[in-house]
Amino acid sequence: MDGASAKQDGLWESKSSSDVSSCPEASLETVGSLARLPDQQDTAQDASVEVNRGFKEEGSPDRSSQVAICQNGQIPDLQLSLDPTTSPVGPDASTGVDGFHDNLRNSQGTSAEGSVRKEALQSLRLSLPMQETQLCSTASSLPLEKEEQVRLQARKRLEEQLMQYRVKRHRERSSQPATKMKLFSTLDPELMLNPENLPRASTVAVTKEYSFLRTSVPRGPKVGSLGLLAHSKEKKNSKSSKIRSLADYRTEDPSDSGGLGSTADAVGSSLKQSRSSTSVVSEVSPSSETDNRVESASMTGDSVSEADGNESDSSSHSSLSARGACGVLGNVGMPGTAYMVDGQEISAEALGQFPSIKDVLQAAAAQHQDQNQEANGEVRSRRDSICSSVSMESSLAEPQDELLQILKDKRRLEGQVEALSLEASQALQEKAELQAQLAALSTRLQAQVEHSHSSQQKQDSLSSEVDTLKQSCWDLGRAMTDLQSMLEAKNASLASSNNDLQVAEEQYQRLMAKVEDMQRNILSKDNTVHDLRQQMTALQSQLQQVQLERTTLTSKLQASQAEITSLQHARQWYQQQLTLAQEARVRLQGEMAHIQVGQMTQAGLLEHLKLENVSLSHQLTETQHRSIKEKERIAVQLQSIEADMLDQEAAFVQIREAKTMVEEDLQRRLEEFEGEREQLQKVADAAASLEQQLEQVKLTLFQRDQQLAALQQEHLDVIKQLTSTQEALQAKGQSLDDLHTRYDELQARLEELQREADSREDAIHFLQNEKIVLEVALQSAKSDKEELDRGARRLEEDTEETSGLLEQLRQDLAVKSNQVEHLQQETATLRKQMQKVKEQFVQQKVMVEAYRRDATSKDQLINELKATKKRLDSEMKELRQELIKLQGEKKTVEVEHSRLQKDMSLVHQQMAELEGHLQSVQKERDEMEIHLQSLKFDKEQMIALTEANETLKKQIEELQQEAKKAITEQKQKMKRLGSDLTSAQKEMKTKHKAYENAVSILSRRLQEALASKEATDAELNQLRAQSTGGSSDPVLHEKIRALEVELQNVGQSKILLEKELQEVITMTSQELEESREKVLELEDELQESRGFRRKIKRLEESNKKLALELEHERGKLTGLGQSNAALREHNSILETALAKREADLVQLNLQVQAVLQRKEEEDRQMKQLVQALQVSLEKEKMEVNSLKEQMAAARIEAGHNRRHFKAATLELSEVKKELQAKEHLVQTLQAEVDELQIQDGKHSQEIAQFQTELAEARTQLQLLQKKLDEQMSQQPTGSQEMEDLKWELDQKEREIQSLKQQLDLTEQQGKKELEGTQQTLQTIKSELEMVQEDLSETQKDKFMLQAKVSELKNNMKTLLQQNQQLKLDLRRGAAKKKEPKGESNSSSPATPIKIPDCPVPASLLEELLRPPPAVSKEPLKNLNNCLQQLKQEMDSLQRQMEEHTITVHESLSSWAQVEAAPAEHAHPRGDTKLHNQNSVPRDGLGQ
């Protein structure tokens, strides 16, 4: 099969480019040797029906034939010549095919394109899942569910294209100005059913956008497998018309007309070739007109079966296999062609010869089996095609119904949208008119606002005058309180300065007592130093004698031992060097061994890694070779399979792509519907939000009413508090008057002032609390006012919006119904109400602004008071913090200075040690760096190798994964192929079993016939033998004759039976042909019914259009109804809201009037307050006079204090002089003590050397004694000399012991003296610390006094300025109020406003405020000078005491060194104790 198909492919390729007229001759030459069978005629008939279906669905013979025939590509440029008179399909087909084309031609004028293109789109939708080959392979077809999925995908793609086009059109419309009356929708059914309007319909655009669909995969029924022939009457261009994309379905005007001529043209159109190795080709030569007729009928049948969606390949394949078998039997069983008997060819040689029974039975059985198989195959194929068409129609009906419902919903929604858009345009017009009206109203409002501003300016000028009066009153009260506080601060500072003077005198007395004690201690120390010097002179004389004796002894020993000691030192040095070198060598050897072990391990690791690399590379190469071999083997195995599967896969890919296109189109449509629904929901949400905003405005109005009521209550509370304060102030004024009259003397006045100050402090606290309450109330009032302003603005905006909306609604409803007129009247009334509301709001704003100005003036006064108080507090806090910081920093700096000196000495020692250590470390580092470089090189190699290993491992893993993937894919392919092969094998087995059963039945019958024949032959032979043996018997002759007669009868009966068999066969064949003709007639009827179905579909489509338009109109109606209902509801809500607002505005007007009345009352009360404050001012001025007298008394006391300070400073200067003289004495003593310490150190060193030399002398004496003993044994004459020497040595030892005892005594005395000096030093330190603390306290007091003086000066300056401002303000107020004096006197109480003079004389204030001269007699300046002198004197004392402590510390250290030397000589283990004892006083001094 494959070889034949390949040869035929080559033939068709060679013929594809040749002219059409040469095709029939070539086909006759190639096909002339083959015989045509009836089943091949059926295939031709099926193909012709497919052609007719192509005409009916596509409307263009060229395109339909290309779609129907071009898929297999096996018969290029072949054309059928069918006679219309002889064809049985001709008259019937004219109603379907020719009638359709006639209708097409008639309707081409105006509506041809629309109807044809609608039909083209519908046929496109139906033919998308039916374009694939039916006879490609033996595998079973896709189930019906997959067919539906394919159709859905194709639809989705089409809908996606429509969506894209709609988006483009929508953009173009948005850029261009849209006409008003044009009804246009993005979901237009005409646009959907007219694909020429789409940009995708053009071949250029589609080839650009759908170039990925250009594949060489065939579609449609494979005509070559049906055994079609082509005969040409007309010539057509032979360009390829493979359907690559949706653009190729574009309809064209039909150029030809006629019954079967169009079918011939369709079959004869150019065909494209495809490489399908499994396609079946059967070429048949045209024998007669009946053959052509039957061939055309078979073509139509097969094409109808395939167009109906029959995708079962097995049935058609089985029918073809049966036909092929029949053709082979016919050719084999008939060698010569001389005569034709009932369709069978009989040679001339076989006329007189009858075949045997076996041959006849075999031929009959084979022919019967072939006929049964053909009938079964054809019936099965037609049954499958009809069932598949029915199922496909049912499956298509469901999504079409869904689509229709979706389209209806879409049209209804479009109608609603159009209605809403019309309403929106009208609303925009109304909005523009309303905006113009608003502009006119705004101009009127501006004029009214200007008028109100002029009135407000007048009110502001009056209120500013009131504010200035209030501010002046507040400033006067503040100045009086400040003066009182300053007087109290001055009194306190004077008392503190008196206390400080007393403390300073006490400290002076203490210091004098301490100085006397110091003088006594110094005298005692001088006496002890004198005694020590005498003792040291005696000790020095004794030491000189001992040194002379020692030199005589050492001179003798040095000569003998010098050489020995030098040699010993050299030997020791060499030994030390040796040990050091050995230790270094051992250390280096250990390090080298460790490094070598590391190198060995690294080398081992390197070798191991190299081996792993080699093994991995071998494994890689082996796996690569294996994978390559396996791939080659699998490729060789699968090449044939892949070649077979490529076409199927490509076809499936195209089906999937079409499916995805349809799915995407559906999704986009659904998204459009959802977007439209969302827009409608947004409109509904906007309406709901407007309603909610109205409700919120109502709530805010209600809340503001409540807030206004609360404000009124708070205002009443504030008025009550103000009245109470006025009463308290009057009571205080009366009490002050009583106090002025009672007290005349200064002491009594002071007591009264203190009491009044206490009472005033309480009043100030009370007033401060009241101020806080007022501030809180004012802040709340401010916030409420801001909220009211915001609410008013929002109300204005809401009113403007509502007025605009009402006017829009009025105009819409005026156009549509009489109800709108009623609404217009209501909106006019609402406008008037809104204007009233606006006017009321303007009045409210004016009142609120006036109230706000009053509140701001009060706030400013309160804020200024707070700011001054906070500023003074913050300055005091900052000064205190700076003092504390300075003292802490001074202490920390002193501690750090001492610590740094200690650290410096330690660091110098450590640096010397580190330099020596660094040199040794640098040498070792150089050696280690050299070694490290080698190790680094090895490590880099290791890292590179490990990375290479990792990369190789990754490559191996990737290759293994790829191999596994390839193996799994190949396994899956093999499984698929195995399943296909098993299904094919099962079918072949079933056919083989049926064939074997038939052959076994026939073989049994043949065996029975042969057995009977052999039996008869045996009987005949016996009879012949008997006849030859006994020819004389007449009886036998008679029997033989009878048998011969019977034989002749049997032969005749056999001939008759054979004739009957032939008649039966011819009858069955005639019946088969009749049944086929009936089937063809039924198929023609089916085609006619399908034509009727198409007409019904057209009518249904028109019904759909009408239904969509109906839904559109219904949507418009529903939209209008919804908008009307919403307008009515909105209108009712607005009416209720306006009624509520009117009521609220009436209430607000009443409240505003009440607020105005209250404000007038408040202004009257404020005037009364101002008058009361003026009275209190006069009283305060009287109090200021009394304060001045107190200031004079304070100055007298300051003069007394100055005198005391001067006396104290003189006494301190004398004490300083005495201290300086004593410090000089102490310095001289310290110098002498230092010299003594140096000498003691030298003596101690000499004693230590002497002790070492004595030890050496003793050892040498022992050696000499040994030598003398030996010499005495040899020379007894030298014994007397030795005894003399011994006696001398004993005497020297006794002298040394006496010297040691004397040294011990001197050490004990030195210890006692040191302890005494340490105690005196500690007492001096404690006294110095006390003096320093006293100095710090005096410094603090000085700073406090300076700060207080500066504050007093500043306060006096501010008082003067305030008094001057008050005078000016009061004079101006008096000048302004001369004219309306009568009115003010009638309204205000009887107390007139007077401008009293400043109680403090100006000359005195100027003297106070002037900066002090160079030599002034003011008490503060003298105090400052005294404090500075005291500070300088205390600093000098502190320095002297520090120098004294340093000298004492140095003398003690020198004494300790002097005592340490003899102590070491006498007690070698007692050094630690002495050292510890000496270290204690040093630490104490250092501290």
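For all residues, glycine too, the Cβ spot is worked out from N, Cα and C.
Note that the coordinates shown come from a computational prediction; the quantities given were computed from them, not determined experimentally.
Residues or ranges marked as N-acetylmethionine in Swiss-Prot (evidence: similarity to another entry): M1.
What Swiss-Prot records for 1-118 (among others) is region 'Disordered'.
Sequence annotations record features per position, and here Swiss-Prot assigns phosphoserine to S18 (among others) based on similarity to another entry.
For S60 (among others), the entry in Swiss-Prot reads phosphoserine.
Positions annotated as compositional bias 'Polar residues' by Swiss-Prot: 62-74.
Per Swiss-Prot, region 'Disordered' is recorded for 221-321 (among others).
Per Swiss-Prot, phosphoserine is recorded for S270 (among others), and the stated evidence type is similarity to another entry.
Annotation comment: Swiss-Prot describes 365-394 (among others) as region 'Disordered'.
The phosphoserine annotation in Swiss-Prot covers S381 (among others).
According to Swiss-Prot, the phosphoserine annotation covers S385 (among others), on the basis of similarity to another entry.
S461 (phosphoserine): 9 other CB atoms within 10 A of its CB, across all protein chains. Per Swiss-Prot, the feature phosphoserine maps to S461 (among others).
Counting same-chain residues at least six beyond the ends of the region 'Disordered' (785-804), those with a Cβ under 8 angstroms from any Cβ of the stretch are 430-431, 434-435, 438, 693-694, 697, 700-701, 704, 707-708, 827, 830-831, 834, 837-838, 841, 844-845, 848, 851-852, 855, 1134, 1137, 1141. Feature annotation from Swiss-Prot assigns region 'Disordered' to 785-804 (among others).
According to Swiss-Prot, the feature compositional bias 'Basic and acidic residues' maps to 785-796 (among others).
Neighbours of S979 (phosphoserine), defined as other CB atoms within 10 A of its CB across all chains, total 11. Here Swiss-Prot flags S979 (among others) as phosphoserine, drawing on a large-scale study or a structure entry.
Per Swiss-Prot, the feature region 'Disordered' maps to 1372-1396 (among others).
Positions annotated as compositional bias 'Basic and acidic residues' by Swiss-Prot: 1372-1382 (among others).
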**Fill in**
Residues in the compositional bias 'Basic and acidic residues' (785-796) per DSSP class, helix first, strand next, coil last, are 12 helix, 0 strand, 0 coil
**Item:** Cα-Cα distance linking S979 (phosphoserine) and S461 (phosphoserine), given in Å to the nearest integer
**Value:** 107
**Request:** May I ask you to report the DSSP-based helix, strand or coil state of S979 (phosphoserine)?
**Result:** helix
**Request:** Would you identify the secondary structure of S461 (phosphoserine) according to DSSP, in three states?
**Result:** helix
